[in-house]
Amino acid sequence: MKNKDKLMYVSAAVVAAGSIAGAKTTTVKAAEVQKVNADSNANLNNKAEQKATAQDKAATKQIAQDKSDIVKTQDQVKQAQADKAQVESQKTQTEATLPAKQEAMQTAKSNLDNAKSELTHAQTKQEDLTKQYDSSYENNVKSAQAAKTQADQKVQNLEGQVQTAQNKQTDLIGQRTNAESEVKANTETLNNVNTHVNELTAQAKQAQDKFNNVQKDYNQIQGELNAKESASAKAENDLKQNETDLNQSKKTLSDLQTKDNDLAKTVNDTQAKLEISNKDLANVNNDISQSQNKLNDVTKQANDVNSKLSQATAKRDEAKSALDQIRESAQNVMILPDSYIKAAKKWDYISNEDRKNFNDDQFTKEMYAASIDGWKLNHYKSNEKDKKHMVDLNNLTAEEQLEINKFALNLINQARAQLGNKPRILNRSAMKFANDVANNYRTNNTNSLRNGGGHDVKAITAAARKYGLNDANNWYELLGRENFSTQAPYEAVTDYDPYGAYHVESYSHSADDYRHQRDDMDSLKNHIYDDIKGMIFNFHDNEWLHAGAMLSFYYMPQESLGNKGQTTTYSAISIDMQSSSPDIILIHYISVPDIIDSIWHENEFIKDPSKFNVNDNIELTTATDPVKAQQAYDQAQNDVNSLISQKNDLDNQIKSLTDHINQSQAKVNVLTKSINDLSTKLANAKNDKQNVEHQIVDTTKRINDLQAAYPALLKAKDDIAQDLATYKQDHAAVINDYNNTKSQLEKLNNDLDAANKDKNSAETILNQHKAELARINQDLDAANKQIDDLKVKLADAKTAQTAAKANLDKAQADYDNYVNTHKDLIDQISAADKVVSEKKEAVQKAQAAYDKAEADYKTAKAEVTKLDNKVQDLDKTITKSQATIKTLTNRIAANTKIINNNKQVHEAAARKAFDAQINQALDAVVAAPMSNSNKAQAATVKPTVNNTKHALPQTSVDDKVSIFAALAGLSLASIGLGSLVSDKKRRRN
């Protein structure tokens with residue numbers, strides 16, 4: 001049909017709807033609607049549609065799986081992050097204990113060394129006293145006593161041996177008497193047994209002859225008798241077997257029926273338990289999900305608090321460090337007397353502005369007098385905490401290096417400020433530069449100061465080159481020297497004796513510490529203080545070039561004249577000791593000026609800023625506001641305490657939730673196992689019940705068969721038994737005679753066998769007793785000979801015992817005489833022995849204390865390493881899980897893209913199907929008036945009420961009109977006339 005015809009009939013159908021509604025007689029057939037729906041849901045055979053559908057299904061399934069995997073992996077990441085935060089917290093807490101444990105270990109080591117030294121001294125004294133003691137008298141007594149003891153023991157042993165031999169002799173005599181009695185009694189028993197054997201042998205021969213005669217008559221009927229007896233026995237056994245099988249089958253049937261009932265109950269009970277377990281599992285899983293969500297929230301809060309705590313701890317530590325610096329700065333100061341400030345400024349001006357009037361003698365005189373004033377004014381104040389802090393001078397930790405740098409720069413800047421000069425800046429690149437200079441010095445091992453030389457320029461320029469600095473010469477170092485084992489306290493020059501006791505012995509640690517170049521932090525700061533003091537107030541050598549370079553006056557080649565004392569300078573210090581001179585500490589003062597050349601407009605010293613970071617500076621505090629610093633520290637500590645309280649609360653929540661989740665997971669595991677077990681049990685019970693039901697059928701059939709066979713078996717048994725009884729009655733005389741004779745013969749033969757056995761046993765026992773009697777006589781002869789030999793040896797031993805006692809009495813008398821004449825020496829030796837014993841015990845205790853302290857420190861250090869490794873492992877786990885999430889996300893995107901791309905294929909197929917439905921509907925509309933006009937007319941006369949089974953639900957005429965109009969309107973609205981025309985045009989084109 002043409003399109004315009006279809007459109008015409010669609011319009012006509014709409015108009016007709018109103019007419020039919022007015023007639024109120026139209027019945028809408030549901031079958032027609034169902035046909036349209038069936039057509040719309042028909043499967044498409046298009047290959048592209050089938051392929052797209054398969055791809056969508058696979059992609060959708062993969063997306064669902066990937067989303068599930070992402071959720072699981074994200075949970076794993078959250079758990080790993082929570083674990084990492086907890087491990088990092090444990091690591092921080094453990095690391096915090098290391099300094100105290102290390103200090104305890106060092107203290108214990110020092111105590112151990114002292115205890116060992118005291119023990120060595122006591123042992124030396126003991127050895128000296130022991131050498132004076134003549135031990136020969138004591139040794140003679142010991143030798144004589146040993147000989148006497150040996151002789152006594154020998155006599156005692158021989159007497160014991162004689163007694164033992166005599167006891168054995170007595171025992172053997174008794175054994176011989178018993179053996180002789182046994183031989184006599186067993187001989188009589190054997191004779192009696194032989195007589196009895198002979199009697200039984202004669203009786204058995206007579207019985208055998210009689211049996212042979214009777215057996216001839218019996219042999220004639222034996223064959224038939226045996227056959228009848230066998231048949232009778234078989235018939236009886238068959239009947240018994242039938243009865244046994246029947247009883248057993250009935251019991252089996254009863255057991256099977258009971259088992260079937262039990263299995264039915266098991267199936268029902270197991271099914272009920274399985275349903276309960278599944279419900280419980282769902283509840284527990286829901287609880288775990290809720291708890292996990294809460295744990296994730298709390299863990300996030302804990303991570304935030306841990307982060308804040310780390311920041312607050314760092315801030316607190318910085319505040320504490322600043323407070324300590326302020327206190328230390330207030331404790332140890334470097335004061336320039338007015339005379340020094342005046343002279344320094346005066347000669348600084350002359351050296352730069354009026355050089356021709358510079359008078360060396362006058363300069364030396366004024367600076368000398370001012371330096372004496374400064375030397376007497378400044379002195380180091382010790383710190384008890386630093387005295388307990390041991391350091392390895394060649395292996396300072398980063399914290400120790402920072403501490404001495406702040407100490408030294410604060411002192412220098414105090415002096416510079418009094419001259420109005422800019423403070424030096426503590427810089428991390430400068431610290432690295434200074435450390436490399438010290439390491440290079442130590443590697444070269446030149447000890448140039450001790451050998452009268454200057455700076456190790458190669459060591460300095462190599463380090464300068466590494467950090468991108470001008471390496472043409474030593475522009476950077478002031479070098480100080482301190483004696484490792486001595487200090488220079490201010491008391492030594494109170495009365496000013498420049499060549500007097502400039503140094504005094506003050507090293508107070510062990511020889512082992514000295515050999516390994518270890519000292520306490522207080523002593524090291526004392527060295528640095530005295531070295532800076534010595535450079536600034538160097539009246540001893542009449543030299544102030546170092547002071548000028550350090551404080552920027554009189555001589556400072558790195559600074560331009562126009563910027564005197566105000567040049568930005570990055571500074572640091574370092575320490576080293578060299579193996580060639582183990583008693584000298586070298587202190588390297590490093591200064592790197594930041595000066596731009598006025599001609600070339602480039603930095604004169606910092607050539608490569610990428611290697612020397614002028615911005616990586618460390619702030620130095622001063623003693624300007626200790627109250628503010630204390631307040632800042634208190635506030636920081638309060639913040640830390642508050643966060644620790646929050647952290648502990650959150651940690652407790654995390655632990656509680658984690659424990660709850662673990663417990664719930666354990667319940668899940670138990671329930672899952674229970675469900676699996678119950679499922680297996682249910683399946684097994686159903687299978688067993690089916691098997692039992694089959695067995696019941698088989699057993700019932702077996703019982704019926706056995707009951708049917710029983711009458712025939714009973715009759716056969718009775719008939720055969722009657723026949724046997726009749727035969728035996730007919731031959732009773734022969735049978736009885738045969739049985740009686742046979743029984744008598746068997747009894748005599750049995751008695752004869754028993755008698756022969758008794759004879760053999762009696763002969764064996766008699767021979768054994770005879771052999772035993774011969775052995776006893778032989779042992780008795782040997783015992784008699786042994787007793788005679790031992791008595792001779794005992795007499796010789798008693799003679800030797802008497803001689804040994806005489807020797808002991810003489811040696812004891814000589815020893816007593818020596819002891820009486822050397823009593824003081826012996827008392828001294830006893831006292832020395834006691835002291836050595838006490839010192840050994842002290843060493844053991846000190847060793848145990850050191851071992852424990854060392855073990856505690858190593859354990860804590862190993863725990864830190866272990867926790868650090870665990871953090872790294874968790875980082876790897878997190879990274880791996882995040883990579884997995886990324887991979888899954890990419891795959892979801894790819895599969896989503898496939899689904900989106902396939903939508904065009906589905907839409908094209910849907911349009912094609914919809915076109916077919918429209919064509920069918922329009923064809924039906926056109927055909928209906930032509931083929932059913934007469935039927936429609938008849939329908940208007942009388943509505944059809946018998947087809948309501950296939951009609952849409954109707955309640956009234958108005959409802960029918962509404963339904964039909966709605967369907968017609970919906971179809972036109974859905975299709976759209978313009979769309980229909982344009983779509984048909986596209987298809988034609």
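Heads up, the Cβ atoms here are built off N, Cα and C, so glycines get one too.
What TrEMBL says about a protein is an automatic prediction, not a curated fact.
What TrEMBL says about this protein:
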REGION    41-60  region 'Disordered'
REGION    82-109  region 'Disordered'
REGION    117-136  region 'Disordered'
COMPBIAS  117-131  compositional bias 'Basic and acidic residues'
REGION    229-257  region 'Disordered'
COMPBIAS  244-256  compositional bias 'Polar residues'
COILED    633-891  coiled coil
DOMAIN    952-989  domain 'Gram-positive cocci surface proteins LPxTG'
TRANSMEM  961-981  transmembrane segment
Integer mean pLDDT for the domain 'Gram-positive cocci surface proteins LPxTG' (952-989): 36
DSSP-derived helix, strand and coil totals, residue by residue, for the compositional bias 'Basic and acidic residues' (117-131): 15 helix, 0 strand, 0 coil
The region 'Disordered' (82-109): DSSP-derived helix, strand, coil residue counts: 28 helix, 0 strand, 0 coil
Structural state census, the region 'Disordered' (229-257) (DSSP three-state): 29 helix, 0 strand, 0 coil
